[in-house]
Amino acid sequence: MTQAKTIMIQGTSSHVGKSLLCTALCRIFKQEGYRVAPFKAQNMALNSYVTPDGGEIGRAQGAQADAAGTPATVKMNPILIKPKQDLHAQIIVLGKPLADMSAREYRQSFLPEAVTLVEQCIDELRNQYEIVVIEGAGSPAEVNLKDRDIVNMRTAMLADAPVILAADIDRGGVFASLVGTLELLEAHERQRVVGFIINKFRGDFELLRPGLEFLEERTGRPVLGVVPYLHNHGIEQEDSVSLSEKVVGQSEIDVAVIKLPRISNFTDFDSLSSFPGVSVRYVGPGDQLGVPDAVIIPGTKNTIDDLYYLKEKGLEQEIVALAQRGAAIVGICGGYQMLGKMLYDPWGTEAAKGNCPGLGLLDISTTFFAEKQTHRCKAIIDPGSLSWLDSSHAEIQGYEIHTGQVEVGSQAQPLLCILERSGAEVEITDGAVQGGGKVFGTHLHGLFDNPSLLSDWVNFLRHNKGLPRVEFKKGSTKEDKYDKLANQVREHLDMEKLYRIMGLGEYTP
Ligand SMILES: NC(=O)CC[C@H](N)C(=O)O
């Protein structure tokens, strides 16, 4: 059986744009007619993606599979590390939680097996697809971590992948970081590096040219592309760094999202922040909550510890006071659980801290179980639960990632009924509402990615302020965005050289 060709993007550091470059490559090769799969051996992130069969992987590989036009599978990101408490993380293996481990336990008891797992996944993908686009993590030159590397050069060797080193010119130091990274690699690793990509360029190309010549002369390797800084591409990246880059301007509707220490799936609010007239402010430690029109408590890897955070920072009282003044309050997943009266953690699934009273804005109580629910869902909002929702907008989609189970008390009303979970028909109520829809919560992530529901909610907030209705004009689709990204990146890549390096034959534009 012929195995897929492979190409790997590694970086000189984190956040040089590896994920986005891999997404672009997945789409470029798809456009060229290849069957493409993305791969990253191990991710550390709290934003995760639920595969169609209910497995949990990093969001970047999910987006890359979408860009490649293939269903995401757990093999594309077999290990996902979700930091939970300071020194502990939940280790997700092949889409399901394996155990909570300290860094030391991970290294000693799991890493040796991990190599075999990574190898099997790469082999399977290579047997099934024609091209596998592989992403590294951080930098391959962390000499202190070399013995535990499974995600950079170890993966490149297992996949027999040529490696392109990418660097971020916007940060500066690009020549030193590329030459320095090469220098610190072992000879056999260095041989794998076939060229460079200078990413996030926004200067005068003529001024850069001597630098490129220097690089090629000094290292004997080509610069395969100088890719411009791409703004507003609208494509998800999972790094938490990207949250601090989100900028907000002045606008008519002020939505405050509490930036919990273990915030998860903050991509939930991307569509909301693109809605005309809405600004989404992430309120972190030291930021003022102020008097927003709505407060959203987002998902969290650790509801109980993050609830203590709200209490310690005085945010609990502030949010309750805002609710009393009539602000809209929304809780998504962990944030939904926090809005309730009590949270019980009899088995210490979340934290060592046991039970904890919630904000009491919804008459619900949550108990955390060992079993985690990860599903893509179709659901229907209960008629009459949200006074502001047009009844023709009640069918929604979302996804679940939680261990908590909620009981709804008599003062609250259930929000919705899940009708399909991971492809199977079900009938499960979820979420709760009080005050006709002023305060509500649900376990479903991706709620605001339902454009009609989003528009109705924003217009409800506008109505409360005496502002006129606005319609949410559907922007470009995800498919258009991937095509645009691919076209922009392709234009700045030496495709002929890339094809030759990957053994794909002649490139015909
Ligand atoms: N995604 C989330 O917000 C999860 C909430 C909570 N940690 C649970 O597992 O139930």
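The first residue you see is number 1, and the count goes up from there.
Any Cβ shown, glycine's included, is placed from N, Cα and C.
Here TrEMBL flags 7-231 as domain 'CobQ/CobB/MinD/ParA nucleotide binding'. Confidence for the domain 'CobQ/CobB/MinD/ParA nucleotide binding' (7-231), expressed as mean pLDDT, is 94.
The annotation domain 'CobB/CobQ-like glutamine amidotransferase' is assigned in TrEMBL to 254-451.
A 10 Å cutoff on Cβ-Cβ distances gives Cys333 (active site, nucleophile) a total of 27 other Cβ atoms nearby, all chains included. Marked as active site, nucleophile by TrEMBL: Cys333.
For the recorded site, His445 (active site), the DSSP three-state label reads strand. Feature annotation from TrEMBL assigns active site to His445.
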Discussion item. List every residue in the same chain as His445 (active site), at least 6 positions away in sequence, whose Cβ is under 8 Å from its Cβ.
Written reply: Asn265, Asp268, Gly299, Ile332, Cys333, Gly398, Tyr399, Glu400, Ile401
